[in-house]
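Student: Quick one: the structure is below, and I'll ask about it shortly.
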Number of protein chains: 2
Amino acid sequence: MSYRAPIADIAFSLRHVAGLDALAADGLFPDASADTVDAILEEAGRFATDKLAPLRRVGDTAGVTFADGKVTTAPGWREAYEAWTEGGWNALAAPAELGGQGLPLLLNAACAEMWNGASLAFGLAPLLTMGAVEALTTHASETLRKTYLDKLVKGTWTGTMNLTEPQAGSDLGALRARAERREDGSYRITGTKIFITYGEHDLTDNIVHLVLARLPDAPAGTRGISLFLVPKLLVNEDGSLGERNDVACAGVERKLGIHGSPTCTMTYGDKGGATGWLIGEEHKGLACMFTMMNNARLQVGLQGVAAAEGAYQQALSYARERRQGKAPGWTGEGMSPIVEHPDVRRMLLEMRAKTVAARGLCYQVAEALDRARTGADEAARQAAQHRAALLTPVAKAFATDIANEVASLGVQVHGGAGFIEETGAAQWMRDARITAIYEGTNGIQAIDLAMRKLSLEDGAVVRRTIGELRQSLATIARTNHLSAAVLRPLASAVDALESTTEWMLHAASSRPADALASATPYLRLFAVAAGGVALAREAEAAARAQAEGAEDAAHTLRVDTARFFAGQIAAGATGLAASVMEGADALGAGFGAAA
Amino acid sequence: MSYRAPIADIAFSLRHVAGLDALAADGLFPDASADTVDAILEEAGRFATDKLAPLRRVGDTAGVTFADGKVTTAPGWREAYEAWTEGGWNALAAPAELGGQGLPLLLNAACAEMWNGASLAFGLAPLLTMGAVEALTTHASETLRKTYLDKLVKGTWTGTMNLTEPQAGSDLGALRARAERREDGSYRITGTKIFITYGEHDLTDNIVHLVLARLPDAPAGTRGISLFLVPKLLVNEDGSLGERNDVACAGVERKLGIHGSPTCTMTYGDKGGATGWLIGEEHKGLACMFTMMNNARLQVGLQGVAAAEGAYQQALSYARERRQGKAPGWTGEGMSPIVEHPDVRRMLLEMRAKTVAARGLCYQVAEALDRARTGADEAARQAAQHRAALLTPVAKAFATDIANEVASLGVQVHGGAGFIEETGAAQWMRDARITAIYEGTNGIQAIDLAMRKLSLEDGAVVRRTIGELRQSLATIARTNHLSAAVLRPLASAVDALESTTEWMLHAASSRPADALASATPYLRLFAVAAGGVALAREAEAAARAQAEGAEDAAHTLRVDTARFFAGQIAAGATGLAASVMEGADALGAGFGAAA
């Protein structure tokens with residue numbers, strides 16, 4: 001079966017976990033009324049399901065074609081992209097003064113989940129374009145903004161991020177691409193960049209490359225990096241397209257997944273130098289990148305949610321159709337649908353529980369980013385910004401880790417058929433794999449959390465967040481809608497998170513090797529506690545609705561999902577806490593000479 | 001880098017976990033002296049490293065070609081297979097009276113790990129041939145044995161298993177292939193089988209298919225299935241190859257991994273009926289299959305170990321070469337090799353710990369199978385048979401589950417390069433994926449453990465095994481070579497295993513839905529406890545050797561590995577135990593009408 005945008009589940013998470021209604025009620029997004037939100041979700045869902053989902057398979061099998069420096073996307077992709085931009089989807093969350101619709105990033109996040117659920121490879125193009133919009137909006141000169149922003153907001157042109165070089169991946173300080181000042185105020189850019197997503201393609205007539213490079217007098221390391229805008233085609237004063245810039249695609253990679261999106265090697269300056277313009281200040285390019293990092297990482301987290309959701313849908317559909325054996329208590333004709341077998345139900349519930357928890361975490365980041373943009377006063381915006389900063393690595397790493405786990409379970413549910421490419425289950429797994437790597441590997445996310453985010457406001461941000469988790473559980477407990485089987489493991493998980501947080505805070509300042517060693521299990525513990533509470537909030541709302549007479553099997557499943565997560569996943573929190581507090585001792589002497 | 005057979009690690013596990021020397025000392029395999037074993041490991045390792053490992057990549061990229069009913073393997077494969085059989089490797093563990101070398105299955109398991117480490121797709125061919133040898137040896141008539149066994153033992157011909165049909169996968173009771181008695185004692189076989197590994201190929205001149213089918217008067221379900229031998233080419237009385245049998249390959253699958261091995265749809269009887277001969281008794285085909293199941297499942301477990309080892313080697317090699325950033329405490333020139341970064345070391349140690357634990361479990365199954373074949377008396381053989389039966393699903397499921405986890409970590413260690421197919425890291429992940437599915441999905445393994453294996457001798461087998469784990473830990477503790485950081489979490493894990501085992505035993509007999517619901521986390525807990533103890537045995541031997549003056553970085557790594565497993569993996573055992581004891585309550589109401 002093909003992906004269907006899970007509108008009801010998305011809306012439920014937006015309202016009961018991420019507090020979408022409060023954004024409107026607080027007057028931050030007066031245009032985002034409940035009716036508007038529902039109508040947009042409905043329309044986006046239809047577009048994703050009907051127009052984009054069919055791209056997934058053809059993108060995988062046809063991939064992209066590279067010849068004579070040109071990249072051709074799979075059949076139907078250009079038309080779909082045009083229809084998508086014409087629908088105004090690229091501009092959803094952009095400010096009205098830029099031609100956008102000024103709607104919440106939270107709503108955009110929900111839509112992004114749908115585009116990516118339909119096709120991760122497709123969803124990547126707008127992901128990078130929106131990043132470019134953000135960078136230009138915040139840091140670019142008036143001239144650059146006037147020339148490029150309108151086209152990028154509409155999606156008429158796409159954007160790229162050119163960071164990685166062969167010797168500079170996670171460590172951007174090692175990059176070597178060069179920029180030289182020209183007398184006319186532009187810069188001459190030379191160098192080679194690798195792994196450039198949508199670096200070249202035929203979806204649009206122009207491509208706006210954001211390129212990190214060094215000036216001749218740049219300090220070494222990350223403090224000597226500047227950010228440049230380098231268009232594929234130069235733009236004339238009247239806005240028409242001019243001559244070709246000196247930037248070329250030298251090849252595309254053969255990848256494990258997301259075959260529909262070109263991953264390019266880009267060469268700048270083969271014919272003397274590409275023309276670029278500075279964004280922000282010289283040597284401050286990394287700071288420009290960082291301002292857009294939270295949202296870009298959130299977007300990749302949403303790709304994880306999307307892939308997990310898609311894998312879950314396909315596995316559930318298969319499990320309902322495929323019949324084998326007789327499940328306990330099966331009284332129907334012949335063999336049971338395998339969805340009735342306890343071990344298959346376990347896999348499906350695990351897939352669903354992890355997916356919905358990750359969705360809740362990602363949406364909470366989006367909500368915080370909205371409040372950081374539009375909060376009533378500076379203090380509110382700052383608090384929201386810090387909350388977003390804290391939760392971003394948790395959401396990105398957890399959502400993309402579980403995407404891999406869930407997609408692998410999806411293959412498993414299919415049995416032997418899952419290993420056959422035609423079935424399509426394996427594609428979710430192949431496509432999802434990169435999400436744990438790009439936009440900062442999940443190891444980098446854990447280090448970011450441990451070494452930079454925990455210490456925000458001397459630990460007050462994380463302590464506040466843990467207090468909110470505890471408060472949520474207390475509020476839920478008072479309603480008596482959920483059983484101790486849900487609430488007790490979650491309370492223990494929050495306890496475990498609290499004690500390890502204090503341990504990590506102390507370690508980060510006094511024994512960094514310990515904090516670095518424990519960063520990954522600590523992030524997982526954080527996500528398990530916060531994700532479990534998010535599920536409990538959904539479950540409480542569902543149980544409440546049922547108590548008030550709503551008959552909806554989806555509500556029962558929401559309660560079951562939270563129960564499963566609490567008893568089967570959050571139950572591991574105390575073990576994780578013990579692991580965290582081993583610190584560097586857990587890692588022994590290293591791999592010195594031994595094999 | 002290419003796979004290198006890890007001979008030293010293998011030998012260490014054979015001796016200190018699986019008790020290889022005791023097999024010789026007990027007089028069960030007088031030919032398997034320490035010198036012989038070392039020489040064989042050395043030679044097998046050289047063959048795997050030099051001759052087979054280069055097949056892995058070409059098998060993946062060239063795959064197999066299907067045209068006009070014929071399957072052509074990748075360049076170099078036929079030559080490698082010939083060299084391999086000429087080396088006598090297929091006959092290593094076959095009894096001397098069949099032309100084999102009569103060496104332990106345990107030694108064969110070590111070699112099998114190496115063939116599969118070099119190439120899972122290659123290793124599959126002998127895996128199935130050895131299964132056919134076992135089935136024929138135990139159940140076939142004198143005539144069949146005389147005609148086929150010698151060729152199969154040498155590997156001159158290969159064997160296949162034809163079980164699956166489109167509607168009959170995990171539930172073999174649903175199979176429909178038909179067999180009709182002929183007057184000459186042969187049978188006319190008709191039907192279609194899918195997912196037949198090496199069903200057709202060009203490695204050998206003949207292929208011996210073992211086919212499950214139903215006689216016209218067969219009872220319904222699994223009690224009406226018979227096993228038949230159906231050669232691709234009929235064999236004349238003098239042993240020469242005769243005419244083509246009515247069996248054909250109708251196509252090969254396009255798969256996620258193991259591209260080098262053909263996965264065939266086989267049709268029997270398109271031209272009136274294939275000629276087959278009964279193996280064992282009519283309607284007792286499944287019993288014949290079951291006798292070879294333990295070893296076949298062990299072999300797939302070994303594929304898991306092999307893939308995990310290969311992924312680990314490649315990731316470690318990359319992590320030593322690739323430089324990014326500066327690790328804490330790094331005093332060398334420029335950037336650190338990423339192996340120095342704590343989060344990378346964590347990934348590598350997790351890969352290694354899971355791999356070596358899985359190896360220990362698999363080798364212990366092989367040792368038990370050896371004692372079941374050759375034990376001094378019936379009681380000893382029976383006890384060993386039961387021990388093998390108990391541990392087989394644990395070893396198969398754990399080794400193949402961790403293979404997927406480890407191979408995915410291997411991609412992660414590579415960062416963006418891991419997603420590029422040329423790097424080779426992704427192939428380990430693609431190849432490993434099937435091992436958790438075939439030869440009984442890991443869900444089936446867990447059910448087998450929970451519903452059939454725990455109750456052996458009314459629970460005495462599993463209780464004995466847990467007692468041995470406890471005994472091992474006590475023995476190790478007395479030597480004072482290992483710290484409490486290793487021993488305490490393992491003791492807790494064994495405690496957790498004991499209490500959940502009693503819970504599962506009771507559930508299996510009185511509340512099967514609970515036992516079925518908890519089978520998967522219970523199996524994981526079992527493997528974590530037993531695998532952790534296996535690692536502790538290695539670590540104790542290594543620490544002892546160091547205390548006695550041996551300077552070997554590998555010994556330090558063995559101690560570190562056990563410590564990591566105990567504190568970072570076995571620490572989760574109590575959480576797993578809590579999850580197990582939720583039983584069916586964890587699974588809620590099911591997926592009835594809800595999406």
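Cβ coordinates come from backbone N, Cα and C, glycine included.
Dumping what TrEMBL says about this protein:
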DOMAIN    B:38-155  domain 'Acyl-CoA dehydrogenase/oxidase N-terminal'
DOMAIN    B:161-267  domain 'Acyl-CoA oxidase/dehydrogenase middle'
DOMAIN    B:284-452  domain 'Acyl-CoA dehydrogenase/oxidase C-terminal'
DOMAIN    B:475-587  domain 'Acetyl-CoA dehydrogenase-like C-terminal'
Student: Over the span of the domain 'Acetyl-CoA dehydrogenase-like C-terminal' (B:475-587), count residues by DSSP class, listing helix, strand and coil in order.
Tutor: 101 helix, 0 strand, 12 coil
Student: Can you count helix, strand and coil residues in the domain 'Acyl-CoA dehydrogenase/oxidase N-terminal' (B:38-155) using DSSP?
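Tutor: Residue counts in helix, strand and coil order: 88 helix, 6 strand, 24 coil.
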Student: Could you please provide the mean pLDDT value for the domain 'Acyl-CoA dehydrogenase/oxidase C-terminal' (B:284-452)?
Tutor: 96
Student: How many helix, strand and coil residues does the domain 'Acyl-CoA oxidase/dehydrogenase middle' (B:161-267) contain under DSSP?
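Tutor: Counts, helix then strand then coil: 7 helix, 53 strand, 47 coil.
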